[in-house]
Amino acid sequence: MNCSISGEVPEDPVVSKKSGLLFEKRLIETHIADYGKCPITGEPLTLDDLVPIKTGKIVKPRPVQAASIPGMLGMFQNEWDGLMLSNFALEQQLHTARQELSHALYQHDAACRVIARLKKERDEARSLLATAERPFPVSANAIPANVSGLSNGKRAAEDDEMAHGGKKMHPGITSAIISELTDCNAALSQQRKKRQISTTLAPVESIEAYTQISSHPFHKTSKPGIISLDILYSKDLIATGGIDMNAVIFDRPSGQILSTLSGHSKKVTSVKFVAQGESLLTSSADKTVRVWQGSEDGNYNCKHILRDHTAEVQAVTVHATNNYFVTASLDGTWCFYDLSSGTCLTQVADTSGSSEGYTSAAFHPDGLIIGTGTTDALVKIWDVKNQSNVAKFDGHTGSVTAISFSENGYFLATAAHDGVKLWDLRKLKNFRNFAPYDSETPTNSVEFDHSGSYLAVAGSDIRIYQVANVKSEWNCIKTFPDLSGTGKVTCVKFGPDSKYIAVGSMDRNLRIFGQPSEDTPTES
């Protein structure tokens with residue numbers, strides 16, 4: 001007889017008076033205590049309804065498999081297989097757990113590195129902010145009586161500089177300054193008439209043989225990109241401005257970095273050396289311009305922070321006297337500054353009512369006119385003496401990215417999304433166009449060399465043209481590939497006597513193209 005609940009032979013059997021069914025005593029008592037009824041018939045049932053049955057000692061029958069040696073071997077084999085399968089499952093679970101733990105540890109390590117880098121950048125930003133807000137010492141006799149001094153990097157007594165309507169008051173370009181500019185123009189114009197091409201200028205055959213001779217990783221890998229550069233010919237120094245908010249001054253002959261200039265809070269859009277006086281100018285998307293003064297130890301210290309613009313400052317250009325400079329901004333104005341004091345003498349906006357911003361600017365070699373490029377594809381020529389717009393050139397597509405005057409005094413090259421246009425300033429007309437790239441590739445830079453013999457164009461590569469006259473063909477004598485791999489060359493500049501060509505791209509490297517020599521440094 002088997003238990004009606006478990007189906008096994010009961011060890012302590014009892015029978016129900018009402019249904020006559022056999023149960024294991026401990027099982028039925030537990031069920032009655034919980035439910036108070038028969039588990040089979042569902043009738044009410046109490047402990048008094050159970051009658052114990054007296055039986056002899058029950059011996060459980062041996063399984064059929066255990067009745068023979070082969071059967072027992074089969075049982076052992078089954079148990080062994082089950083043990084192996086269980087062990088395999090445990091090993092798989094252990095392997096998975098180890099992988100999850102390794103991944104978690106890697107994520108933890110990466111998170112720690114990111115946190116450490118962010119803390120370092122935060123500390124650097126705090127340090128730069130503290131430096132920017134630190135008062136700069138300015139001698140009393142270096143500031144005109146009608147110009148406020150600098151305090152914490154800002155102009156003190158700013159309310160006194162504000163006129164009705166909220167515009168800053170500027171002293172203007174005085175007759176003495178205009179006389180200085182006119183005298184400089186007359187002297188340079190006279191020299192230009194007698195100008196001869198230097199005998200040390202690199203010939204066409206040499207430029208055709210140029211190749212990359214060095215590459216210098218100046219800027220941060222986290223924010224790569226060199227978007228401006230300039231060369232101080234007298235000392236063969238190269239300055240670069242980067243997206244990493246730094247400007248770097250590089251001594252090309254020695255292959256050493258002289259100074260890294262930090263202080264801007266956004267990308268450095270333009271860098272310009274002042275040919276005399278150990279000064280460097282930088283403009284930035286943070287709406288400021290900084291004047292850096294070199295010292296005997298080779299370091300450059302910030303002398304002035306200029307905050308006259310209300311939008312990104314896109315360009316800075318230095319007058320031939322080396323006493324004045326102009327900045328151009330997306331706020332639609334250009335400012336004329338005195339270099340020594342950092343005073344904005346005048347801020348000029350287009351009175352025609354146009355709202356475009358300025359994306360590029362350059363002084364004419366003689367210094368009495370200035371060219372500006374706009375976001376609306378216009379090129380504007382200004383008379384510096386009376387700050388009037390004397391000519392407008394249209395025809396480009398997209399923002400005018402670069403402007404360069406030739407040393408001959410009457411050629412102007414402008415670059416935009418659609419390529420390069422050449423203008424004859426004597427007749428105020430366009431006489432030649434270059435469209436070296438496809439419609440999706442803008443031309444980012446155009447630059448005459450100092451002699452006016454060559455023209456460099458930069459976009460997805462670098463192309464060098466031999467300058468001719470208005471009617472003759474301007475031949476492309478050399479094309480350099482973009483070795484950065486980014487497909488975007490942002491700036492190009494000829495070295496002294498065109499002995500080399502400096503190139504900046506959207507990676508962190510300054511590249512020098514020239515004729516290789518045994519003593520040329522190839523990497524820094």
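Backbone N, Cα and C atoms are what each Cβ position is placed from, and that goes for glycine too.
Any TrEMBL annotation is an automated prediction that lacks curation.
What TrEMBL records for 1-70 is domain 'U-box'.
The region 'Disordered' annotation in TrEMBL covers 147-169.
Confidence in the repeat 'WD' (261-293), given as mean pLDDT, stands at 92. What TrEMBL lists as repeat 'WD' is 261-293 (among others).
Tertiary neighbourhood of the repeat 'WD' (306-347): same-chain residues 142-144, 147, 150, 154-155, 168, 170-174, 177, 180-181, 184, 188, 266, 269-277, 279, 281-291, 354-363, 365-367, 370, 372, 375, 382, 384, 387, selected by CB-CB distance under 8 Å and a gap of 6+ residues from either end. Residues annotated as repeat 'WD' in TrEMBL: 306-347 (among others).
A Cβ distance under 8 Å defines the sequence-distant neighbours of the repeat 'WD' (351-392), meaning residues of its chain 6+ beyond its ends; these are 173, 178, 181-182, 184-185, 188-189, 192, 311-312, 314-321, 326-334, 336, 398-407, 409, 412, 414, 416, 423, 425, 428. What TrEMBL records for 351-392 (among others) is repeat 'WD'.
Per TrEMBL, the feature repeat 'WD' maps to 393-433 (among others). Residues in the repeat 'WD' (393-433) partition by DSSP class (helix H, G, I; strand E, B; coil) as 0 helix, 22 strand, 19 coil.
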Cβ contacts under 8 Å made by the repeat 'WD' (261-293) with residues that lie 6+ beyond its boundaries: 128, 131-132, 225, 227-234, 237, 239-249, 300-307, 309-318, 322, 325, 327, 329, 337, 339, 342
Tally of residues which DSSP labels helix, strand or coil - the repeat 'WD' (351-392): 0 helix, 22 strand, 20 coil
